[in-house]
Ligand SMILES: [Zn+2]
């Protein structure tokens, strides 16, 4: 007997964290000096949508694999300036870039239906982050 998980009519939010290490060189910054330096970034991605007939929002293994393959693998141990130029590779710009990249992944991912990004937060340090909702 199939269950109807849509009976409450509420979207479900799920969050996955990713991490990668990368360097950047900022211009016009009062935040850092202008030397090339690195960070261990943590990215928290929250997606939202309605559950499928099996009670899942998303196939998390496929979702994780897709994002690692198409987004985070190329950023890990790279220089962010190479990916974001001519933009200044601030954590704010990186967050915008990741939003667009992850949104593209969600459109091509066979593991999702009508899934949307609810929020992305990129932590440049433990106490400093940028968020897009
Ligand atoms: Zn920095």
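Here the Cβ of each residue, glycine as well, is placed from N, Cα and C on the backbone.
What TrEMBL lists as Zn(2+) binding site is 24, 37, 39. DSSP assigns residue 24 (Zn(2+) binding site) to a strand segment in the three-state reduction.
Taking a C-beta cut-off of under 8 angstroms and a sequence separation of 6 or more, residue 37 (Zn(2+) binding site) has the following same-chain neighbours: 23, 24, 25. Taken residue by residue with DSSP, residue 37 (Zn(2+) binding site) is part of a strand. Using a 10 Å Cβ-Cβ cutoff, residue 39 (Zn(2+) binding site) registers 19 neighbours.
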